Each structure stands twice: as structure tokens, then as C-alpha cells.
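Novice: Following this message is one structure expressed as C-alpha cells.
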Amino acid sequence: MSNADIVWHDAAVSQTERERKNNHSAFVLWFTGLSGSGKSTLANAIDRYFHDHGYRSYVLDGDNVRHGLNNDLGFSEEDRVENIRRISEVARLFVDAGHIVSTAFISPYADDRARARERLPDGRFIEVFVDCPLETCEARDPKGLYKKARSGEIPSFTGISAPYEAPVDPDITLQTGTRSTEENVHELVEQLEDLLRPS
Ligand SMILES: Nc1ncnc2c1ncn2[C@@H]1O[C@H](COP(=O)(O)OS(=O)(=O)O)[C@@H](OP(=O)(O)O)[C@H]1O
Ligand SMILES: Nc1ncnc2c1ncn2[C@@H]1O[C@H](COP(=O)(O)OP(=O)(O)O)[C@@H](O)[C@H]1O
């Protein structure tokens, strides 16, 4: 069956109605950065803040999604593109359902992040650059992957033997080499003030 045979079915309950009931906007916080830069740490810290303050929210994390939905994908350029395409579709569904979704994927290619932005309603895709020098990420090496990448045990490792295209004009930049998680969460809450206000 081709896509031409599939007809979009409008939902009985709109995103706007869900947002009104939740009393806040639905949007995606798209964290991007090198492995070990702090994407998961920050996505979970801000999610804790959202949850504790009555927002409906959820985290989509690279490691976890790759265990399930995307367990057929590796780290070739083609697979990473498909990984991000699927994640952005899932993120869109969460926004449709009225949630604030924080995604924590390296998402190394600028074009893929741009496509993800295009899939979301205007102003509902917030690109957050988790900015941390490669040397710091490598010194942290929380999973021992940089060591393996340097020894050649892991091929095509982002930042070492595969590219990372840093955002040129991100909506928000958080430095994790010099600022604590608490400081960065505070910064995020300030920058998101308009979206977090009751709708
Ligand atoms: N070759 C290679 N390159 C980069 N990362 C690797 C690789 N192999 C395994 N890992 C682990 O997988 C996590 C990255 O998955 P992502 O889905 O975020 O990657 S991507 O967006 O598709 O590039 C990444 O997680 P984070 O460290 O949380 O970023 C790594 O733990
Ligand atoms: N300021 C900071 N912000 C975020 N993570 C930090 C910071 N300082 C140290 N870390 C540590 O760096 C590591 C980042 O790992 P993680 O959040 O899994 O990154 P990523 O998801 O980008 O791979 C964690 O062990 C975290 O405790």
C-alpha cells in the first residue's frame, strides 16, 4: 500500500484543547551535543523540575530508545539519520498529546535537526546546544566509550572518527564544562518563561 492510500484522520481532541487543560504549552526541548556532554543529565534534571512543578513532561533518551524502538539501527550516517527521523516523529506525537518532551540524542547533523524543527508547530522546537569541549567529555568518559573509540574498538565514534556539526544558531546554549547542572536548569527555566506560563 502506498502513502497515497492512507488518509490523515483529524483527532477529536486538539493539541490546543490538551494544552488548555494542562495549563501549559507543549513543546520539544531538543538537547544536542557530544557523548558525555551532559544531554541526559540535563534532560532528566529539567524533567524533574517540570514534573515537580505540575507540568506534563517526558524524556526520550538515546540509550533507551536504541534499546527498543530503534534497536535495528547502528551508527552509520544513514542509521543516525533514520534514528533522528523516528525520534522527531515520536516527539511530535508527544507534543500533539500536550506534553513537554526533552530529547537527549547526539543528533550530529544540522540538516536532521532542521528537519526535526520543520516537523513541529512553529515555536515548539527548542534546540538546546549542550556545549562542552571534547577534551572534557573525553576526560569524563562516563561509559568508557572514548577509550574504546581511541583504541579503534568502536568505529565511527562522534567527535573522534565521526562528525559532530555544532548548532550555528541554537535557541539556547548551555555550557556544561564551566556551569553546574543546577545553574543550567535555572537558565533553562528563565529562557523558557513564555512557554511555561499558563496558557
Ligand atoms: N559510534 C558511536 N558514536 C556515538 N555514540 C555511540 C557510538 N556507539 C555507541 N554510542 C552510544 O550511543 C549513544 C548515542 O546514541 P544517539 O542515538 O544519541 O546517537 S545519534 O544521535 O544517532 O548520533 C551515546 O550516548 P551518549 O553518550 O548518551 O550520547 C553512546 O553511549
Ligand atoms: N555541569 C555538568 N553538566 C552535566 N553533566 C555533568 C556536569 N559536570 C559533570 N557532569 C557529568 O558528565 C556526565 C555526562 O553524562 P551524560 O549526561 O550521560 O551525557 P550525554 O547524555 O551527553 O552522553 C555525567 O556523568 C555527569 O554527572
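Using the three backbone atoms N, Cα and C, a Cβ is placed for every residue, glycine included.
Just lifted these from TrEMBL, have a look:
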type	residues	note
ACT_SITE	Ser107	active site, phosphoserine intermediate
BINDING	Gly33, Leu34, Ser35, Gly36, Ser37, Gly38, Lys39, Ser40	ATP binding site
DOMAIN	26-174	domain 'APS kinase'
REGION	159-182	region 'Disordered'
Novice: For ligand 1, list the recorded positions among Leu34, Ser35, Ser37, Gly38, Ser107 whose CB atom is within a distance below 6 Å of it, in sequence order.
Specialist: Ser35, Ser107
Novice: Count the other Cβ atoms sitting within 10 Å of the Cβ of Ser35 (ATP binding site), across every protein chain shown.
Specialist: 23
Novice: What's the CA-CA gap between Leu34 (ATP binding site) and Ser107 (active site, phosphoserine intermediate) in angstrom, rounded?
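Specialist: One finds 9 Å between the Cα atoms of these residues.
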Novice: Which residues of the same chain, at least 6 positions away in sequence, have a Cβ lying under 8 Å from the Cβ of Ser40 (ATP binding site)?
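Specialist: For Ser40 (ATP binding site), the qualifying residues are Asp61, Gly62, Asp63, Ala104.
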Novice: Translate the DSSP assignment of Gly38 (ATP binding site) into the three-state scheme.
Specialist: coil
Novice: How many of the residues that make up the region 'Disordered' (159-182) does DSSP mark as helix, as strand and as coil?
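Specialist: Secondary-structure composition of the region 'Disordered' (159-182): 2 helix, 5 strand, 17 coil.
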Novice: Write down the Cα-Cα distance for Ser107 (active site, phosphoserine intermediate) and Gly38 (ATP binding site), rounded and given in Å.
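Specialist: About 14 Å separate the Cα atoms of these two residues.
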